[in-house]
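A.B. asks: Got a structure for you, questions after.
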Amino acid sequence: MNTSKHPDLGTALEQSRSGLRDNHRRSLTRLLFLVTGSALVVFSCLQFFNGYPWVALVELLASGLLFYGVFCLKTTAHLQQWIYAYLVSLFSFFIVILLLPEASIAAFVWVLMMPVLAYLLLGKHEGMILSVPFMLVGGVVYYFFLGDVGSAHRMIDLLNMVLCGALMQVFMHMYEVRREEAEQRLFDMAQTDALTGLANRSNFQSTLARTIAECERSGTDFALVIMDIDHFKLVNDTLGHDAGDYVLRSIGQCLTERLRTTDFVGRLGGEEF
């Protein structure tokens, strides 16, 4: 049995609940590190000529760490920790830039990127937990940046930022919820026999390979039973395929009802279970 052709889709599904799957998150994070590091080099030069040498030094050091991270992310087993370190540092950097006395109002657009990056790299739950506090802090900073919001013009500016940020947060959350639901349905379809509702051949093979590996590690035994329905072809030939399908569904239901919760049953194909 060639198990390499039957990857464990359950692992892939669990990874996708943290946003993208690990291989995609790794590639995207490396790209973000490279782009952010390059941008910080440019901004470091601008901050130096703008009279903020300490900010320029911090940005230059951060860019060096990001370039180092591009290489580390190729093989690191701590991808989640790297992502958290990156996002927390990046979001904190956004807030610090907004607090500078000569900060441009255009810099506040980076606050709107927070939910996009957080949900994309961390998924629905962790993305929300990380992005919401930083978004709130960014909103408070923007409020004080505007100064007197008693005028209609300033109030419009404030509402534009608040509503846009809130909608961005809601849309990203809804997108992640729908994506997870769609991926769960695709996962179920890929792992389930359409006729009987039992595990299909691919699911059976990956489960068998995992069970063999677990038993080899623990030194325990397991039982494998292959069942073939006798004279099933006669049922199809005399009563038709609809009757044969009914028989297969009934047998699948019977097996499901009578096996223990720790047992696993699947349809290998045809009348084999």
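Every residue gets a Cβ built from N, Cα and C, even glycine.
All TrEMBL annotations are machine predictions without curation.
Taken from TrEMBL, the feature domain 'GGDEF' applies to 220-273. Feature annotation from TrEMBL assigns transmembrane segment to 31-49, 55-73, 82-99, 105-122, 129-146, 158-175.
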A.B. asks: So which of 31-49, 55-73, 82-99, 158-175 has the most C-beta pairs under 8 Å when paired with the transmembrane segment (105-122)?
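C.D. replies: When the Cβ pairs under 8 Å are tallied, 82-99 comes out ahead.
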A.B. asks: Using DSSP, how many residues of the domain 'GGDEF' (220-273) fall into helix, strand and coil, respectively?
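C.D. replies: Across the domain 'GGDEF' (220-273), DSSP assigns the residues as follows: 26 helix, 4 strand, 24 coil.
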